[in-house]
Structures are given as C-alpha cells and as structure tokens.
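Only one structure is covered here, and it is reproduced in the block below.
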Amino acid sequence: MTTIGTPLSPRATKVMLLGSGELGREVLIALQRLGVETIAVDRYENAPGHQVAHHARTIAMSDPDQLRALIEAERPDLVVPEIEAIATPVLEALEAEGVTTVIPTARATRLTMDREGIRRLAAETLGVPTSPYRFCDSLAELQAAIDDEIGYPCVVKPVMSSSGKGQSKINGPDEVAAAWEYAMAGGRVSHTRIIVEGFVDFDYEITLLTVRARGADGEIATQFCEPIGHRQVGGDYVESWQPHPMPATALERAQEIAGAVTGNLGGQGIFGVELFVKGDQVWFSEVSPRPHDTGMVTMVTQWQNEFELHARAILGLPVDTTLRAPGASAVIYGGVDATGVVFDGVDAALQVPHTDIRLFGKPESFVKRRMGVALAFDDDVQTARRNAAEAASRMKPRAV
C-alpha cells in the first residue's frame, strides 16, 4: 500500500527533482496533484520548476559537496534526476547509506549520464543492435576511427550533452576538424571525449516511452506507450506526433529492445528509449531514465501523460498507457535574445482547432531556445501536426 502524507507537515512525502526545466516542471505539477511535497533544484534561479514547487533551491549539481549537503539537509524520500550533469557518485553513496532513494536507481543514473555508459551496456553487455561506434579523446583518434572503421557519413556527439548540442554529421574528411571543435563546444561539462557513430540508413526514428511500475500483484511490470515519431533539426526535436505507424514485427522488436535495456537499468519510472527503424529492423540509439522532450505530445494524446506516468510509477501507483487520441507537438522558439520576454498571439494560437499551449517560463530567451510547445489532437496525426505547427507559428515572443 502506498501512503502519501500532507505537504508541509511532519509526515509529508517529499520528492526532490535535480534539474527543473520544462520537463521537470511538469513532473512537479503531476507530483503535487498527488499530494507530494516538492523540492525543485537547478543551477540557476527562477528555473521553470522553481516557479511551481513548494521549495526552490539553487546549487551546482555537479559539485559533490553541494549536492550531498542539500540532500542531507532536505532528507527527501525520493531524489529524481532530470538532467545528466549531476555528481552521480554522491547519489550512489547516499543511496547505499540509506539516506534517500534515487529514481530509477543511482546505478541507472550513472550509466545514462553520458553516452558511453549506456552504449556499452546496450551493445556490449546486452547485445542489442546499435550503429557501429568508437569513443575518442582527440581529433587524431577521431580521424583514425573514421578511417579505420566507421567511414563516411558519420555522426559525432559529445559523450555528455543534451538537446542536440555539439552534434553534427560528417560527410567527408574536410569536415572532421570542425565537427570535433563543435562537439567540444557543445558538451555539458568540461570534457574532451566524444562518440563517433556510423550513419544508420533508417526510415524513421521513434521514442518508445517505457514505464516500469508496480502492478496489482505488487510486482514491477513493463508497459509501453504508443510509439512517438519526431523530426529533428541539428539533433534537437522540433515536432513530435503519436502514434507513429510501424509494422507489427518492428514494434515487437522495439519493445523487446526497450524492455531489455530498461529491465537491466531497473527501478521504477518512465524511460524515453530512442530507436532507429528501417522496415522490420530496429537499432537502439539512446535512453533517458526520465520523461522525454518528444513525449510532451502525450499531454494531449494519452489519458495519463508521460509526467503523470512518471509520478505514479515512482510512487508505486498503478499506471495506464492508453492512447486517448492522435496528436502532435510543435516547438515554440524564443525568437529573440532577451530576458523576460512577452508572448503575443496567444489568443490567435488557441483559435486553431483542438490546440493547447505550454509556456515554460524560462527567464532568458534565445533565438533558438525552446520556450514553449504547441499541442494539438485530432482524428488523424497529419491534421494534428498541421494544427500544432500553425498554433506554434502564431506565437510571437518579443523583448520588452
């Protein structure tokens, strides 16, 4: 039986989120609806999650001393990492000491904090299909890896980055040096290690939201949401839709791969498993042990969206991954470099049929920063995609 206390009381059920961007914000809201006391942590003040949590804290989460001190002071029941740049050895130590429980586990957080840990687990330990890859610590090693094994075209990524930062495709030898420099500039922490991957000739890529939650018998079971299709530009998602049509054989294989990877990582919660698909062939790409940006579409497509699924699963509550309606999401960009922007056109955006918007409340805007998302549902995915894109285009951020 799951028992939840009253927030701001001695018996409160306390959950701390490490990382309080737009995804963390929605998780916090879902937790609060279930009566949980929430603590939002980020590296800068007034982060989106700070604006909705019971408590807002600002620290350098990659600093082990700061992270340990905060967790020991707050004593949350659960610690939920929402970003990769965290001092994971501290989480492992605190979990081992019985101070708190890390979601999904401290080990899973460590393995998925960069591309090397999870790629080696998937390809070398579990033997699931992936693109050919090498890890490199210098430009010379990168060039040698391409010449000796990977070939052209190929994709270079920092071992630790998010939202496509530092990622580029190399089509020939004259692009290698620039790709290396771009990866160095885009990494999440001071790091000189990259992954170079052989280019997979795929038909499309999907996110398969995979939920590990307790069933009626008390045992952890795995459930899958309908596949989410998405379009990326420069490694960063610009629109997503659900469901994405797939052959039955490919879907079954995708679920097998996602189940194997998340089962090894263990724990409870939602995982965003990214996969490449060509016909009936499926390759594993990446996994995040948390809600996924492409999964924001579930706020209009599912009875329980990805944030509610995560909140329920980590609290030991039952989940339902049923699709409610086809739908789509489209990114609303900042459009300007400024702080405290205002958004014109909100009324015009919401005049598009079956649409909704989420503005994230980020204190600083950049031209290509994701500041919100337009959502749409309809009888078919294509109509929903058109409407979401139209609603997003009507949003007009401006500096004041």
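Quick reminder: no glycine exception, Cβ is built from N, Cα and C everywhere.
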Recorded N(1)-(5-phospho-beta-D-ribosyl)glycinamide site member, picked from E82, E84, E239, that accompanies E22, L23, D293, K362, R369, R370 in Swiss-Prot: E82
Closest by Cα to E197 (ATP binding site), out of the binding-site residues E82, E274, E286, is E286
One of the binding-site residues E22, E82, E286, D293 has its Cα closest to the Cα of R115 (ATP binding site), namely E286
For E286 (Mg(2+) binding site), the one of E22, E205, D293 that lies nearest, given that the binding-site residues are compared by Cα: E205
Shortest C-alpha distance to D293 (N(1)-(5-phospho-beta-D-ribosyl)glycinamide binding site) - which of the binding-site residues G166, F199, E205, E274: E274
Count of other CB atoms lying within 10 Å of the CB belonging to E197 (ATP binding site): 19
Length of the line joining the Cα atoms of L23 (N(1)-(5-phospho-beta-D-ribosyl)glycinamide binding site) and E274 (Mg(2+) binding site), in Å: 17
To see if you understand the setup: which same-chain residues, six or more apart in sequence, place their Cβ under 8 Å from that of F199 (ATP binding site)? S131, Y152, P153, C154, V155, K169
